[in-house]
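Peer 1: Take a look at the following structure, please.
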Amino acid sequence: MNFQAGGGQSPQQQQQLAGGPPQQFALSNSAAIRAEIQRFESVHPNIYAIYDLIERIEDLALQNQIREHVISIEDSFVNSQEWTLSRSVPELKVGIVGNLSSGKSALVHRYLTGTYVQEESPEGGRFKKEIVVDGQSYLLLIRDEGGPPELQFAAWVDAVVFVFSLEDEISFQTVYNYFLRLCSFRNASEVPMVLVGTQDAISAANPRVIDDSRARKLSTDLKRCTYYETCATYGLNVERVFQDVAQKVVALRKKQQLAIGPCKSLPNSPSHSAVSAASIPAVHINQATNGGGSAFSDYSSSVPSTPSISQRELRIETIAASSTPTPIRKQSKRRSNIFTSRKGADLDREKKAAECKVDSIGSGRAIPIKQGILLKRSGKSLNKEWKKKYVTLCDNGLLTYHPSLHDYMQNIHGKEIDLLRTTVKVPGKRLPRATPATAPGTSPRANGLSVERSNTQLGGGTGAPHSASSASLHSERPLSSSAWAGPRPEGLHQRSCSVSSADQWSEATTSLPPGMQHPASGPAEVLSSSPKLDPPPSPHSNRKKHRRKKSTGTPRPDGPSSATEEAEESFEFVVVSLTGQTWHFEASTAEERELWVQSVQAQILASLQGCRSAKDKTRLGNQNAALAVQAVRTVRGNSFCIDCDAPNPDWASLNLGALMCIECSGIHRHLGAHLSRVRSLDLDDWPPELLAVMTAMGNALANSVWEGALGGYSKPGPDACREEKERWIRAKYEQKLFLAPLPSSDVPLGQQLLRAVVEDDLRLLVMLLAHGSKEEVNETYGDGDGRTALHLSSAMANVVFTQLLIWYGVDVRSRDARGLTPLAYARRAGSQECADILIQHGCPGEGCGLAPTPNREPANGTNPSAELHRSPSLL
């Protein structure tokens with residue numbers, strides 16, 4: 001059955017699509033408030049009931065462990081975002097809907113953790129993540145809905161992502177049904193929407209059944225929303241989906257603020273009147289411990305750089321142009337030609353129409369702040385011919401160009417220029433410095449610098465001399481003149497341009513007439529008024545003019561008397577790097593060139609400011625490191641040396657997790673790194689994984705193990721001689737004379753170690769590692785399993801346990817029965833910190849890539865994390 005979305009709606013459905021939600025579905029604020037109060041007040045009675053049940057547990061150790069977990073849950077509830085998050089932190093609320101076959105859970109999991117999980121979550125989930133839009137951080141609330149959209153869901157969301165599987169017809173039909181249901185509760189024009197088709201389940205046994213035309217037809221029926229095809233297995237377009245939907249929400253909010261009028265008291269994040277019991281997000285295990293790429297840096301690899309103030313002001317006019325256009329608009333853009341001859345009102349009208357079309361282009365990616373068709377002089381051929389290029393300027397400091405609009409949309413054959421290492425020049429004049437406001441006399445920015453950021457990563461062609469990837473560019477600073485100051489000395493004009501042809505020579509050597517102060521006065525006017533300075537005839541110049549006429553496709557009269565030809569051939573600007581590389585571009589009008597030049601200058605300024613802010617972040621990082629070291633000092637027992645009780649110790653033993661005085665640290669160094677890894681608390685660097693170990697342990701915990709059986713011995717004091725301290729330290733750590741005894745058990749030490757990891761018992765783990773041999777600490781979970789304690793700690797994303805196990809000799813290269821290393825478990829658990837530790841110590845990564853294919857999963861569909869949940873019962 002071929003499903004035709006949008007066809008055959010009932011009158012009621014048509015009314016819902018056109019006029020918004022019926023009145024009877026209006027959500028009562030009073031009822032929502034009462035429901036939220038009831039939900040909130042019901043939490044603590046249930047927690048107190050759990051405490052009463054805990055008291056009935058006879059095993060005191062188990063009782064204390066459960067109590068600690070409940071206390072942690074209670075603290076997390078009491079300190080939820082509604083009570084602690086600053087009012088200045090804006091939120092973006094995104095709902096994900098689709099049936100169980102859509103692949104939406106895998107899409108969300110890939111975005112949050114960078115890994116692929118095949119199972120679909122029937123109950124959905126609630127997740128949080130930081131996302132950056134236009135240089136500002138937002139708290140992204142992701143609500144994976146387990147069923148169709150309900151009234152409370154519709155009132156909560158800022159945007160909706162509809163998900164279906166390209167190999168499942170039912171999931172495709174479900175999308176439109178869910179859309180109609182959403183429209184019955186909420187006006188569709190108020191909610192940005194994105195349609196996603198997932199490729200995860202496509203295989204030889206499950207071929208694709210939804211072709212591209214049907215999917216795009218559905219996206220048109222869904223209020224012309226953007227359509228993406230994603231693959232959670234390899235991460236295709238996953239990041240782009242969430243970045244795009246966030247940009248749509250931000251753009252819609254700014255558009256609504258502009259519609260209200262200028263008001264400085266507007267809140268950063270609009271509040272919704274509906275609050276319900278289901279709006280408290282739950283914590284996901286893979287979300288809590290991810291600290292990598294990146295932490296969350298990898299997930300935010302498309303984070304935009306800090307935009308300049310001038311860009312924000314200039315982009316206000318077309319802030320609504322944030323959604324990716326439909327294929328109809330793309331086709332109409334291809335038929336336009338902005339280089340045709342125009343006169344009078346027709347010129348202005350057609351120019352604005354062409355610019356509107358250009359600014360609305362963007363297939364499946366964020367809209368650049370400026371884009372359009374320019375002529376670019378080739379740097380490869382001998383004749384230096386001019387060719388049309390589709391040029392885009394993004395707020396990440398990159399200027400990109402493609403042979404055609406089609407290549408740009410397909411993201412192929414593109415080259416990029418890093419503006420941080422360049423400057424922009426106009427042959428024949430010295431440019432003013434970029435300023436936030438529009439220069440007087442220039443035309444309005446009809447191109448409307450859009451707020452949206454481009455996440456596109458363009459692959460530069462190899463061997464092109466103008467490709468930014470072909471050389472390391474060191475830029476020249478932008479010109480520092482703040483305004484056009486009239487005629488300048490001739491020498492300054494000579495230095496402000498790149499002389500490479502007869503035409504450029506004429507522009508570079510021409511002096512401006514007195515009184516000409518406006519920067520929009522192009523070199524063409526100077527040339528036409530100064531015939532004495534024309535250069536000698538050059539065959540290269542004639543060929544250049546001929547090629548330009550040919551490339552524009554518009555016949556023009558030849559001869560020096562044609563002012564139109566001279567004007568159209570002189571709107572050139574050059575991007576120059578300090579290494580001597582040049583990129584020559586030409587616009588169709590002087591106004592368009594001014595827009596491009598000022599936009600490029602603004603991006604150069606923003607890139608330079610971004611470098612300065614990076615230094616500020618480094619300084620701030622040093623302050624944070626000092627605070628972290630201070631946190632280590634405040635750990636229980638760390639006020640005194642672990643061996644001699646000297647006050648205020650400032651040296652540390654990493655694998656012991658303890659602090660010591662400088663004299664004892666010298667003795668520890670002689671023990672060897674296999675017994676004590678010494679580091680200065682103030683002079684050395686402290687990466688996060690080492691700080692985690694030090695703050696988790698401390699002198700009190702360490703001495704409860706290493707001095708757990710002192711008997712009649714007494715430890716030396718701060719004033720004891722060095723020989724006495726050394727005898728004590730060697731007896732304590734080398735001979736292990738005072739080591740606390742192991743608890744009586746028939747279970748082998750290696751199996752106890754596995755249990756300690758699963759039960760998250762740090763003191764028992766340290767004791768077992770101190771007693772165990774290398775063979776015992778490397779004992780596996782079972783003969784047919786092959787997992788070591790390091791596999792389990794990596795699967796639990798436990799950074800402290802992972803680091804301690806490696807220090808005490810657990811083999812990082814060990815593999816389980818399926819050939820997976822601990823690194824594979826860490827990556828599947830979404831822990832970048834554990835993965836970094838394992839890689840640093842030589843854990844192999846083959847067979848455990850970031851995007852495992854579905855056939856690497858077990859036959860029963862489980863993964864290591866799921867097996868881990870059964871580990872306590874198996875142990």
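Each residue, glycine too, has its Cβ placed from N, Cα and C.
Okay, these came from Swiss-Prot:
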{"type": "REGION", "residues": "1-23", "note": "region 'Disordered'"}
{"type": "COMPBIAS", "residues": "10-23", "note": "compositional bias 'Low complexity'"}
{"type": "REGION", "residues": "84-375", "note": "region 'Small GTPase-like'"}
{"type": "BINDING", "residues": "98-105, 142-146, 198-201", "note": "GTP binding site"}
{"type": "DOMAIN", "residues": "367-605", "note": "domain 'PH'"}
{"type": "REGION", "residues": "428-568", "note": "region 'Disordered'"}
{"type": "MOD_RES", "residues": "SER443", "note": "phosphoserine"}
{"type": "COMPBIAS", "residues": "495-512", "note": "compositional bias 'Polar residues'"}
{"type": "MOD_RES", "residues": "SER538", "note": "phosphoserine"}
{"type": "COMPBIAS", "residues": "541-551", "note": "compositional bias 'Basic residues'"}
{"type": "DOMAIN", "residues": "626-746", "note": "domain 'Arf-GAP'"}
{"type": "REGION", "residues": "853-875", "note": "region 'Disordered'"}
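A description of the local structural setting of each listed feature is requested, covering burial, neighbours and distances.
Peer 2: Averaged across the domain 'PH' (367-605), pLDDT for the predicted model comes to 59.
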Peer 1: Can you count helix, strand and coil residues in the domain 'Arf-GAP' (626-746) using DSSP?
Peer 2: 48 helix, 11 strand, 62 coil
Peer 1: Find, among the binding-site residues listed as GLY98, GLY146, the one whose Cβ has the highest number of other Cβ atoms within 10 Å in the structure shown.
Peer 2: GLY98
Peer 1: Go through LYS104, ARG143, the listed binding-site residues, and name the one with the sparsest Cβ surroundings, counting other Cβ atoms within 10 Å.
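Peer 2: Per-residue Cβ counts within 10 Å for the binding-site residues LYS104, ARG143 bottom out at ARG143.
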Peer 1: Using DSSP with the three-state reduction, classify ARG143 (GTP binding site) as helix, strand or coil.
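Peer 2: In three-state terms, ARG143 (GTP binding site) counts as strand.
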Peer 1: What does DSSP say about SER101 (GTP binding site): helix, strand or coil?
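Peer 2: Note: SER101 (GTP binding site) is coil by DSSP, not helix or strand.
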Peer 1: Can you count the other CB atoms that lie within 10 A of the CB of ASP200 (GTP binding site)?
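Peer 2: So the number of other Cβ atoms within 10 Å of ASP200 (GTP binding site) is 22.
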